[in-house]
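Novice: What follows is a single structure, and I will ask about it in a moment.
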């Protein structure tokens, strides 16, 4: 565990350093080409919230690979997303993996559903993504699959899981720890990450706990009091953009401050995603109170992005 606990000021300065500079030399795609794997007949909002957040945070292009019955609905939400009705196709595995060469990162889980055929497809996609060294963020029903087959991501250093407290407890139990010993504290989150081969974990709760199996950081930014469905998907989408940027900063040696280099991509991106989500929640709740919805948080993203990047 890190011997230096960064201050809130240091962490927020770190977040500022994650945003890639915008200039005339950039071309479409450099700021991130990602895909959300999820979306079923019952759940069309979750993949939309994740995908549109990724774009609003600053990624250039986001694909959504969803079930056929979900595609038209998701397309109607936004013309900015590229929607593929492939998740339940007969040749789903080929159609989706053919996209991988164009992608920088996968988000798996929002609105996925738990049908056997879908989970089998996702199992194949995770294996293929690992072969191609593609970073993966896993949330929601994607975590259900990991509960059953933790070996799919065990030790894969570019995987990040984003469980809420209940989902984290299920993972804890799946790793053969005593269910009663889970206490939702940083030491337990660190231990869970280490049991999974030091993969990234962001455990959402009253404070969000972020670890890569070596360092642990808590995000304690004040958030709104309304627990609206879709907030977790918003954080997952934000994480996708920030994680790609953090990995690029590490790979290219362009980290803009010492903490980005010292704490590593998972901690930096996880804290940034948590901070953005909490600030959006607070702003939307202050305006609308208990009437606040996740879609109201989306409207606050541009304002919060400007704040976090220092209007760069």
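One-based numbering along the chain as shown.
Even glycines carry a Cβ here, placed using N, Cα and C.
Reproduced below are the annotations present in TrEMBL:
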- 111, 164, 165, 166, 167, 168, 169, 170, 233: (6S)-NADPHX binding site (BINDING)
- 204-208, 223-232: ATP binding site (BINDING)
- 11-308: domain 'YjeF C-terminal' (DOMAIN)
Novice: Could you give the maximum C-alpha to C-alpha distance in Å for the residues 111, 164, 165, 166, 167, 168, 169, 170, 233 that bind (6S)-NADPHX per the record?
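Specialist: For the residues that bind (6S)-NADPHX, the greatest Cα distance is 21 Å.
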Novice: Could you work out which of the binding-site residues (111, 206, 224, 230, 232) has its C-beta surrounded by the smallest number of other C-beta atoms within 10 A?
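Specialist: Counting other Cβ atoms within 10 Å of each of the binding-site residues 111, 206, 224, 230, 232, the minimum falls on 206.
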Novice: Nearest to residue 230 (ATP binding site) in three-dimensional space, by Cα, is which of the binding-site residues 111, 165, 167, 169?
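Specialist: Answer for the nearest of the binding-site residues: 111.
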Novice: If you measure residue 233 ((6S)-NADPHX binding site) to residue 204 (ATP binding site) at Cα, how many Å is it?
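Specialist: Computed Cα spacing between residue 233 ((6S)-NADPHX binding site) and residue 204 (ATP binding site) is 12 Å.
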Novice: Using Cβ atoms only, which residues of the same chain lie under 8 Å from residue 208 (ATP binding site) while being at least 6 residues apart in sequence?
Specialist: 202, 218, 219, 270, 274, 278
Novice: Which of these binding-site residues has the least crowded Cβ, counting other Cβ atoms within 10 Å: 167, 233?
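Specialist: Counting other Cβ atoms within 10 Å of each of the binding-site residues 167, 233 gives the minimum at 167.
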Novice: Counting Cβ atoms within 10 Å across all protein chains shown, which of the binding-site residues 204, 226 comes out on top?
Specialist: 204
Novice: Roughly how many angstrom lie between the C-alpha atoms of residue 169 ((6S)-NADPHX binding site) and residue 226 (ATP binding site)?
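Specialist: That separation, Cα to Cα, works out to 23 Å.
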Novice: Look up residue 224 (ATP binding site) in the DSSP assignment and report helix, strand or coil.
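Specialist: The three-state answer is coil.
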Novice: Between C-alpha atoms, which of these binding-site residues comes nearest to residue 224 (ATP binding site): 111, 165, 167?
Specialist: 165
Novice: I'm trying to understand the geometry here, so how far is the Cα atom of residue 111 ((6S)-NADPHX binding site) from the Cα atom of residue 232 (ATP binding site), in Å to the nearest whole number?
Specialist: 11
Novice: At the level of the C-alpha atoms, what whole-angstrom distance separates residue 204 (ATP binding site) and residue 165 ((6S)-NADPHX binding site)?
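Specialist: About 6 Å separates the two Cα atoms.
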Novice: What residues, ordered by sequence, lie under 8 A Cβ-to-Cβ from residue 228 (ATP binding site) and sit at least six positions away in the same chain?
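Specialist: Result: 292, 293, 294, 296, 297.
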Novice: Please determine which of the binding-site residues listed here (165, 169) has the lowest count of neighbouring CB atoms within 10 Å.
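Specialist: Selected from the binding-site residues 165, 169 on minimum Cβ neighbours within 10 Å: 165.
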Novice: Report the nearest neighbour of residue 167 ((6S)-NADPHX binding site) in space among the binding-site residues 206, 226, 232, comparing Cα positions.
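Specialist: Nearest candidate: 232.
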